[in-house]
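In TrEMBL this protein carries:
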| type | residues | note |
| --- | --- | --- |
| BINDING | Pro32, Asn33, Gly34, Cys35, Gly36, Lys37, Ser38, Asn39 | ATP binding site |
| COILED | 675-758 | coiled coil |
| COILED | 783-842 | coiled coil |
| COILED | 870-918 | coiled coil |
| COMPBIAS | 321-334 | compositional bias 'Low complexity' |
| DOMAIN | 3-1150 | domain 'RecF/RecN/SMC N-terminal' |
| REGION | 311-337 | region 'Disordered' |
Amino acid sequence: MRLKHIKLAGFKSFVDPTKVAFPEQMTCIVGPNGCGKSNVIDAVRWVLGESSAKNLRGDAMTDVIFNGSQARKPVSQASVELVFDNTSGRVQGEFASFNEISVKRIVTRESQSLYMLNGSKCRRRDITDLFLGTGLGPRSYAIIEQGMISRLIESRPQELRVFIEEAAGISRYKERRKETESRMLRTRDNLERLADVREELGQQLAKLQRQAAAAKRYQTLKAEERDLKAQLQAMRWNQYQQQCDRLEHQVQQEEAELQRWVAEQRGSERGQVELREQESDLKQQVDAAQQQFFQVNTDIAKLEQQIQHTRQMHSQKQRQLESLQAQQQQINEQTDADRDDLTNLQEQESELQLQLEEAAEALQMAEIAREDAELAQQSWQEKWQTWRDELNQKQQQLSLARAEARSAEQLSERVKARLLVVRSELDELPKLDSEAENKLNSEIETAEQALRKAETALFAQEAQRDQAQQKIKALSAEVNELQQQKQQQQGRIASLQQLLSSRNQSAVAADSWLNQQPSLGLLRELLALPEQWLLAAETALLPWLSLPVVNAELPEHLQSAAISSCYHADGEHGADGKAKPESLAALLLATRRDEKAKAAAGIALLQQMAVAESAAAAQQLLQNNSEYFAVLQANGLVIGRGWQLQPVEQADSELAWQQQLRECEAALQVSEKALADKFASMQQAEQQIAEYSEAVALLRTERSDASEVLVRLTERREAVLRDAAQQQARRQKLTEEADELAIQVEQEAERLLQAEATIEEFETFLTAQEPEQERWLQHGETLQATRQQAQLAQQQKQQALHKAQLAHSQLQSQTQHLQQSLERNNKQYEQLVQRIADLQVESDTTVDTQDLEESLAQQLMVHGETEAVLQDLREQLSAVSEKLAVLNQGQSAVVEQITRQQERVQGSKLELATARERGHSLLDALQEMNISLKAVLENMPEDAEEKLWQQRLEDTTRKVQQLGAINLAALEEVEVQGERKAYLDAQHDDLSASLTTLEDAIKKIDRETRQRFKVTYDQVNEDLQRLFPKVFGGGQAYLDLTDDDLLETGVTIMARPPGKKNSTIHLLSGGEKALTALALVFAIFRLNPAPFCLLDEVDAPLDDVNVGRFCRLVQEMSESVQFIYISHNKIAMEMATHLAGVTMQEPGVSRLVAVDVEEALALAEA
């Protein structure tokens, strides 16, 4: 395998499409510094996958694109293509059958990079894999640039190890090991996640087992607690029944006392109205008089201020006049001084003008002398260059002739030796056999199908598993949010229920009859009214809000019971449109039309209450409708005939609490349903993850097995194909080479004779030209001295002129500054004169304040009269206010007494309603537990006491609380989670087995890597020890390992040239380091020769003797390796069989000039 040519376009300085061909085994690229030779080496490195802009001598990857020059614009992209000859089959794999391989890379200004392999798009990794084991790569030992030789020797042990690994061809093993480690890492991650799930599941099982035991104990205690609660509630119900009878009598007495105090309040209100009207009139008169008094005060203050201001202005103008006169005197003095200075400066300027003219004339004469000297020297330079070019041309022709002669002689010897080797090798080549190749192709196709099938299935299962895991994360977040909402709603419901239970009021009369009737609910639960009427409704119906509503008439013996007004009897006040539109029942029907609302609207109490927007409308309803005993207002007041109720506190509204309770219970049902759905979805997703994980583990094992089979078969086929192709190509190549070599022997003999004749001719001519060259040089030195003297004289005259110009400029600047100062002073003087005149006129004006003083006296008289009137009105207003205060005080006492009496009535009613509600709540609690009050009373022991029963209930409740939170579904969950635990254990065993398989594969790779590295290291070390004495003419060099572990050990190099006993390689000179590095590189090439070797001025630090050794070594290696090198050394150039010249005639643009040594000699002879 060898590099045929490179195609560059837009890459660095190669802006035009350029093809660099390498037809021979040794190609030298020559050209002046900066012409772009090293860009060829950078192009090869770039195409092979270099990703660091620094290694390409740039800051960014787009720096490789041509950035423009003086005559050219920047281009948009750069492309480089390498074309390889693969007739030897060096490249393995799918491209082994191609005789020619093309690798191309393109980059644009948008940093878009594209790789192409034989015209098809590919990845950078595909390029890297193509050359694995061949010694080629962006940073391999086959590409040695400027300075890399010394860095190679001074590199760290781990960096030097990389070159040995590349020579050993273990790069692909490292890639396989990296991939296997990645798979092991994923397997360990799966094991860790599975271990976490198993650990969590084990904890859940232990917890569920404890909960199951607690659940049994909980059920027993709850049954005992239920019986004790029912008996305690029956005892308390009897107590509340007795308390209600006593409170009803107390309420009737307190309401009669309240009516007496209300009548007394209305008599005192009429006197208050008359006094308030009188007080209002007096306040208006006082306000008018006070406003007039304030206006007089304001006028007096203004007059006093005007008199004071006039006197102050006269004094201030006198002070300004004195200051301006002093400034006038200063300006006069400054103007006289500036005029004297200006006269002096004008005289100095005239003298300097004469000096400037003389200096300019002297400078002009010096410049003429300098130009004459330069013209004379330039004429000599042109003649000298023409003569020198002719002489150089002859010398170049002589060098070419000598090179041609050496080349012909050396080439002739090499060709003869090579011809003998080729003929011997042809006789030894074996015959070809293709049966193994056909068999391996069939097996590989089967293995590839199995691997693709396993990978497709694995990718599908992993994607499904990842989707399920993401779904669980999302569901967990939603569940947490729903649980928080549920807890908030439950807390709010509990708070509202606690508030309502503390206000419960229930009727206790006829309890045995009520227990037998179907209840429609409490009255407050049925009152769904607009929000603006809730406060008034609660104020009016507070004692009855917690009473039950039943759809039946009361028996006759219960007609007088206190709760009879809340039992619905379907009579003349039914709910089907018979309620008056202004009644509370009609408002309820307008808001809610279900059966319970109709039942509540039929209650007589609601029929006997009306609603009104204002107090006037409420009074009118009471007067015109005798069936209404109370009217509700939107502001919360309840008005009756001769009485009214203040609204209850809005924060304590039971109807508002009831409305909030209904809303919270509805929201709680929605949250519980959503939570149940989320839990079901999570359980389903967890089951899916377990199934997917099991399938993934099985598919990974299947893919690993298929991959290993395919790798083994591919390696076997590559070996067979490589051997067959190499044998066939080698036979054909050797045959063609033998024919060409026989012809070339004759050609080289004739070429040598022609070169020797040319050398003799040019040597005679050059010897005759040496005296003429000496005469030219002496004349040039004389002209150079004359030119330098003329330049010195010109510089002295130039300095004198510059000094005079500087002094003249300074005088002009000073003169201009004084003129500006005089103009400024004159302008200021004129302004001061005008200002002084104005101030004198203003100061002489007579100040007249007599009219202002007379106006001030008149305003003071008005001020006294207004103040007297205002004082009289204030005394009258004070007398009326005192009378009204006395009357208000008496009225306040009556109102306070009424309020206290209302509070006593309300308190008694509330206490009565509370007792009823508590009794009713006890009945409700028994109904919720499905327990009959009658059955409890019949079965209760005769010696039952509330205190003793309460103690027993507390003991039982405490035992229940000590159990903590109880999970009644624990038994079922234990069984389900146990099955899941067994499934996860089996999955864990499968993953552990897969991990063991991967670890065995790693061990196998490490074993092969150690073996290959050891063999390669020993061989390179042995070749280095043979090459080093050959390069240096003696001495010794060897490689050493830094560690016993062949997988991680670094490699160091030790070299001792002849006669030296240095302790470290860093003590060697630059040339010695370069030769040592070359010996190491060539030792590696002998073991695993790369297709080609690129050398960039590696001979720069070497002297001629060492360059000769270097050249001989390269010539020897070129038998098996193609060399492409850049050099400025003539000896190295002579060694090459093909020269490629790089020029930069157009600034910034590199061009290629191919040089063929034979053609050059032929042209020289012609």
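Quick reminder: no glycine exception, Cβ is built from N, Cα and C everywhere.
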Most Cβ neighbours inside 10 Å, all chains, among the binding-site residues Pro32, Gly34, Gly36: Gly36
Helix-strand-coil residue split for the compositional bias 'Low complexity' (321-334), DSSP-based: 14 helix, 0 strand, 0 coil
Env. residues of ATP site, Cβ within 8 Å of mean position of Pro32, Asn33, Gly34, Cys35, Gly36, Lys37, Ser38, Asn39 Cβ: Ser13, Gly31, Val1142, Met1144, Ser1150
In three-state DSSP terms, the structure that Ser38 (ATP binding site) belongs to: helix
Packing count at Lys37 (ATP binding site) (other Cβ atoms within 10 Å of its Cβ): 22
CB contacts for Cys35 (ATP binding site) [other CB atoms within 10 A, all chains]: 19
